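*Asks:* Can you keep this structure in mind? I'll have questions shortly.
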Ligand SMILES: NC(=O)C1=CN([C@@H]2O[C@H](COP(=O)(O)OP(=O)(O)OC[C@H]3O[C@@H](n4cnc5c(N)ncnc54)[C@H](O)[C@@H]3O)[C@@H](O)[C@H]2O)C=CC1
Ligand SMILES: O=C(O)[C@@H]1CCC=N1
């Protein structure tokens, strides 16, 4: 890939996306331009890659064909206003901020700028992200495909309409936190049953990962896979009943709904 890729903000998500792209070798370190005020000059993550660690967001914008703006939602408007003059006509601006609409971004960088909203998640750190991609009308199919190729370096992608991003936040942006709580609780139960803490995390996390893999690879309905575990008068159906009594599914639907609501509120300002 020939494009020069910029990163403004290298925290959890910016760093994960950058590392994934570098590891894939579709772009070399010399094609990458980064700025984060909390990154020491010369420190750049993996010095072996020879990434260009610049002194300002503006410089990154000036050098890049595709620029990931990976800062928190409360600072993104200031950053976009700051870089606006440095963007070329064909520069693609990618925002991963929750609750910041294409309209808000366009107000800062111009309505004719190419803009893509991406909603990733932290499993990007282990190349197992789920990312939604939403381009504005200025982005061509070819450009969309290039960005999709970049994001496929860190996991899976789906193109969605903008109105669905709030639901994506609930389903995959925020949900890793819910899943970690679930794993922690599974392990607590197992520790209560006598397993060591370390083994309990391993058994619980592997069970969650394996279940997700089985669902994705078998294409079976989750209910059918649940039934496969429940022997008549067995152990699992006892646990299923205990979960139903406590409104397990309802609690999760409520959590997703709460995240969606907050995402919508953020977008409405
Ligand atoms: N953490 C998550 O699970 C997810 C986060 N997001 C979105 O990703 C964005 C970044 O989130 P995180 O990486 O978790 O946050 P973070 O706090 O880890 O990273 C933000 C980075 O931006 C840097 N920064 C602050 N002001 C800056 C500026 N003016 N110019 C350049 N860099 C600046 C900070 O030094 C920091 O390293 C947020 O907008 C969030 O909504 C989206 C999906 C999932
Ligand atoms: O909680 C947050 O703001 C971010 C957005 C999606 C996941 N985490």
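A Cβ is built for glycine as well, from the same backbone N, Cα and C atoms used for every other residue.
Marked as NADP(+) binding site by TrEMBL: 8, 9, 10, 11, 12, 13, 70, 71, 72, 73. Per TrEMBL, the feature domain 'Pyrroline-5-carboxylate reductase catalytic N-terminal' maps to 4-99. Per TrEMBL, domain 'Pyrroline-5-carboxylate reductase dimerisation' is recorded for 162-266.
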*Asks:* Identify, in sequence order, the residues in the chain of residue 8 (NADP(+) binding site) that are 6 or more apart from it along the sequence and have a CB within less than 8 Å of its CB; answer 'none' if there are none.
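*Replies:* Within the chain, residue 8 (NADP(+) binding site) has Cβ neighbours under 8 Å at 14, 34, 35, 36, 57, 60, 61, 67, 68, 69, 70, 71, 79, 83.
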*Asks:* If you average per-residue pLDDT over the domain 'Pyrroline-5-carboxylate reductase dimerisation' (162-266), what number do you get?
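*Replies:* Here the predicted model's pLDDT, averaged over the domain 'Pyrroline-5-carboxylate reductase dimerisation' (162-266), is 98.
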*Asks:* What is the Cβ neighbour count of residue 70 (NADP(+) binding site) at a 10 Å cut-off, with all protein chains included?
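*Replies:* Its Cβ shell of radius 10 Å holds 27 other Cβ atoms.
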*Asks:* Using DSSP, tally how many residues of the domain 'Pyrroline-5-carboxylate reductase dimerisation' (162-266) sit in helix, strand and coil.
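*Replies:* Per DSSP, the residues of the domain 'Pyrroline-5-carboxylate reductase dimerisation' (162-266) fall into 90 helix, 0 strand, 15 coil.
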*Asks:* Would you mind splitting the domain 'Pyrroline-5-carboxylate reductase catalytic N-terminal' (4-99) into helix, strand and coil residue counts from DSSP?
*Replies:* 40 helix, 18 strand, 38 coil
*Asks:* Just report the maximum Cα pair distance in Å for the recorded NADP(+) binders 8, 9, 10, 11, 12, 13, 70, 71, 72, 73, no decimals.
*Replies:* 14
*Asks:* When a 10 Å sphere is centred on the Cβ of residue 12 (NADP(+) binding site), how many other Cβ atoms does it contain?
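*Replies:* Around residue 12 (NADP(+) binding site), other Cβ atoms within 10 Å: 13.
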*Asks:* For residue 72 (NADP(+) binding site), write down the residues of its own chain that are at least 6 apart in sequence and whose Cβ falls under 8 Å from its Cβ; none is a fine answer.
*Replies:* 9, 11, 97
